[in-house]
Every structure is written in structure tokens, then in C-alpha cells.
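A.B. asks: Got a structure for you, written out below as C-alpha cells; questions coming shortly.
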Amino acid sequence: MPRTILPVKLHEQLTVTVDDIRIDGMGIVQITPTYPLYVADALPGEEIVIAVTQVDKFSGYARVVTRLTVSDQRENSQRQYLIDAGTAPLVNLKYQAQLDLKRSQVQRLLAQKGLDVPVAPTIGMADPTYYRNKTIVPVKWQDGHLTSGFYRRGTHDLVPMTDYFVNDAKIDQAIVVVRDILEKYQVTAFDPDQQVGAIRYIMVRRGYYSHELMVVLVSNDPTIPNEAAIIADVQAALPELKSFIFNLSPKKDFVLLSPNNRTLWGEAAIHDTLLGYEFIIGPNSFYQVNPQTTEVLYDLAAQKADLKPTDTIIDAYSGIGTIGITVANRVKQVLGVEVVPGAVADAQYNMRRNQITNATYLLADAPEQFKVWAQANLKPEVVFVDPPRRGLTTELIRATVEMGPARIVYISCNPVTMARDAAEIVQQGYTIDGAVQPVDQFPQTSHVETITVFKKNSLSQQAVE
Ligand code: SAH
């Protein structure tokens, strides 16, 4: 086989102009029409000197050596560390450009699936900073100090970081407070080289409206010394503290949190409000991380669903019941399904707390439950789906079509799987109704949420096809 001749060599330096930007924030330089180089922290239009760092068969990577011109879309140059950390890869791009990028990404993904549908401008935040209601950060003893920050990619080197730019500032402060108290009592931290030590992560959640604070120590060891003194110090230092949890999560068994929680102090969960409804949030429950845009998202999704008092609706991938509970008063019945037991228990509690009596939350795998419902001849008017990043399954789509709701409202946190699923739903006799709506739940990052509404084709349409 002839050797492919690549258009660049490793370590070669070149002067180039950046052509485009990938959704993860990497600049794209087309060396030839078919061979791109990806360059971190390089914006479209900028003229830069690059050094090639990796050469693969179809693409390569390079780093910026010198920037000869600066894009008028560039900002936050003092926050370069967030790009290195990977926590805010779009931080160097002006916010309007971030919103435009997300819209065009959604449009492109749909077009790739043959769906030529309008995509509305991305709905953004008035202030796209310090918005997250939750964070989890690794800790490590380094140079005689307990350090919190991020692991440099592919290393066991923890780079200190205290200003995450996207977290509620009170959360960033709480991380430092707890870290310093653990340091004072010389608590061990998990050492990734030796695979020993206790604390792996500190997690903090804060209610946007309630200001209730939850601190979780995620530990590789079942106990830590001086627990009582640590509890007293944390409690004294954080007046908003409502829940202090010890999560036993041995590194060999769990990536992040385990289901094994022990309340060190206060409550086992915190509360917050969403569209006027109150929700209990436990340490393991999924809860949308951007409370401000979540209200916009849910409100829009409910409007687009065109709910009627006689409707039976499904809330699938329901988490702690947020979507169903916020619309229950507008419909006849809500049927929810979710696979995490703690989240279903929270959903049932949340129903009672909000005096909702027409909702039922089931613990089941959504595709399995959909088959059961379809076989039982359930005929919901509206089906809401809000799956994790991997999206829906063919089984779930088939069962949905069998139930034949007038509308499917698809809330997605991953436009790649959404576009794939949308093509399948359209093929099964539905049409995308109006524009697909991106909502910026995750400013400064490459993620984007979308709402897509499908309406069932009328019989005459089906006859034509
Ligand atoms: N609608 C909720 C949660 C969305 S996140 C909200 O907006 O807050 C997606 C949820 O899907 C998570 O709670 C996750 O636990 C759940 N999930 C993941 N796989 C599932 C499956 N196979 N069946 C049912 N639920 C699932």
C-alpha cells in the first residue's frame, strides 16, 4: 500500500489563518481542503504561528506559538487557565459568538440527518457567569498543602484553581473553606499514585432561591479523624450550611459518588424552588445545574406542548420529577418514569410537598416501561422525553409511536443524539413542529440544550406519503 503523504510534519512551524471553530472551542486550520489541524485557543480569522504537535492520518493538532492578529470576538484573555482545565473551553469567545456557534452546530447536525428545519437563535443568559448550582472538585496533598483544582490532562498533577467562573461564587468559596478545614486537621486525600488516602472530592450544591448549602465529602476511606471538630468548624464557617454528607466512594468501585451516604450534620438533602414549586435534592439526584435557564427551558417546553386539562402526559427520564410536577396542574394526569431509585423517591416526595395528586412516578427503565404502556394501550396526548446524553433508543421511539401521542416534546442535552433520534421519529410519521430551540444551559462550555417538538402527521398526510 502506498504511504499516505501528509501535508504537515511533526514540530513543523507554519503561519496560518484560523478558518473555523469546533464546538469544543478548538480552532480549525484547513491545511488542505481535506486535512484540518486543530488548535486550542485559536479563533476564526486570527493569523497565528503554530507548531504541529500531533500528526494523524486524516487530521492533526498544533499549538499557538505566536498570535499575529487578534479576533474582535476574543475576550477573557486572563482566564486562559479555564481552557487548560477544560471546564470552560469557550471562555475566550464573546458570548454572542458562543450562542451563534451553538445554533449553527445544531443546524449542521440536523442537516447531516437530512432534516432541513429552522433552528431558532440560541436563548442565552443575561449574565453567563457564576451560574452553576453544583460542583465537584478533586483534592490532593501537594507541597505540604491540601490543594483543590483540576488534574492536568493525562497526569496526576493537580493544578490549583479556586475561581471556576461558572460556579455560583458562594460554591467556589465553600470549596476553599472546607478544603482549608480538612488541611487544618491533616485529613489525608486520595493519592492517585499510591492509590491510598481518604478524601477524593469535595462536592457542593447551593439552592439558587433557597440559598441552602450542601457539602459532600467523597471519601475512599470509611472514616476520617477529628470528624466532630471538622463538623463544628465547617458549620461555623458556612452559615448557609443545611446538609453535610459523607459519601463513602472507594476509588476502585466508583467514578464519582457512590449511593452510600452518611449525614454528618443537618439534613440528608437540600431544597430549592423551580417555577414556584419546591424540590428536594439529595446528593445523588440529578438536578439541572443552571437554575435560571432551566426555568426558561421548562416554561418554553410546556408552552410548546400546548397542554390541555384533559391531557394524559408522560414525563420520561423524569429525575426528581421537575418537568411533570411543574405542569401537573395544567393536565389531567402525569405518568413519570425514571431509573434511579433515590430520584424516584424524591419525585414522590416532591409531588406530596407541592400538593400534586394527579402524578405517578415509576421506577423503571424508560424503554421497558414504554413497551408496557404501549401494550396496555395507553394513549397519552403528550410525551416529554429528557434523556441523558446517549439519547433515546429505537425501542422507546417505536413504543412512543405505537401510543401515538399528538405531540412529542424532546428536551435534549446532546444535539448529536437528538438529531439521530429526530430523524427516526420523523421517519415514523411525525413532523418537527416549528423551530428547534437551543437554550444555553451551559455558557462558556461546548454543551447545548435543545427543545424539539414533533407533531403526529394527520391521516391525510400519512395517506399522501
Ligand atoms: N427531567 C429531569 C432529569 C433529566 S436527566 C430534569 O430535568 O431534571 C436524565 C435522567 O434520566 C436522569 O435522572 C437519569 O437518572 C435518568 N435515566 C437514565 N437512564 C434511564 C433509563 N434507562 N430509564 C429511565 N431513566 C433513565
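Just so you know, the numbers here start at 1 and follow the chain as drawn.
Keep in mind that glycine also has a Cβ here, set from the backbone N, Cα and C atoms.
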A.B. asks: For the S-adenosyl-L-methionine site, TrEMBL lists Y317, E338, D386; sort out which one of Q288, Q427, Q428 goes with them.
C.D. replies: Q288
A.B. asks: Restricting to the domain 'TRAM' (7-66), what is the model's mean pLDDT?
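C.D. replies: Averaging the confidence scores along the domain 'TRAM' (7-66) gives 96.
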A.B. asks: Looking only at the domain 'TRAM' (7-66), how are its residues distributed among DSSP helix, strand and coil?
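C.D. replies: Across the domain 'TRAM' (7-66), DSSP assigns the residues as follows: 0 helix, 34 strand, 26 coil.
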A.B. asks: Hey, of Y317, E338, D386, which of those binding-site residues are within 10 Å of C413 (active site), Cα to Cα?
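C.D. replies: Matched binding-site residues: D386, sequence order.
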A.B. asks: Considering the recorded positions Q288, D386, C413, which residue's Cβ sits among the greatest number of other Cβ atoms within 10 Å?
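C.D. replies: The residue with the densest Cβ neighbourhood is D386.
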A.B. asks: Ranking the binding-site residues Y317, E338 by other Cβ atoms within 10 Å, which is at the bottom?
C.D. replies: Y317
